[in-house]
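Asks: Feature table excerpt (Swiss-Prot):
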BINDING   76, 87, 89, 95  Ni(2+) binding site
């Protein structure tokens, strides 16, 4: 490991210290390493051709006109990306789905965009992780 020195303004350092304390880091270096790893992983997953994993979560109204069947159709159209899907009934009207995906990050992003853009889908979020060799 190498030691590096960085300069931070007072407000940013205070924010880093607060984050470190909330998340239980023993020191600033651990927090900065995790922040950097996260930024690098995010960058890697935005490149077409990168293989990885992702979790797509979203809430939708199951009674919305043909929405459930459109989502299923989209899932079948991209079946090679799907590892598993969890379906939860939140209340009488809403369902939460969580899909674990694996494949080319460009294809995963396209699939997520197709699902999230459907009318009646809310709170769509895609969390990507690059595949580590």
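Indices start at 1 and increase along the chain as displayed.
Using the three backbone atoms N, Cα and C, a Cβ is placed for every residue, glycine included.
Help me picture where these features are in the structure shown.
Replies: Secondary structure from DSSP puts residue 95 (Ni(2+) binding site) in a beta strand.
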Asks: If you draw a 10 Å sphere around the Cβ of residue 95 (Ni(2+) binding site), how many other Cβ atoms fall inside it, taking every protein chain shown into account?
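Replies: Its Cβ has 18 other Cβ atoms within 10 Å.
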Asks: If you draw a 10 Å sphere on the Cβ of residue 89 (Ni(2+) binding site), how many other Cβ atoms land inside?
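Replies: Within a 10 Å radius of the Cβ of residue 89 (Ni(2+) binding site) lie 10 other Cβ atoms.
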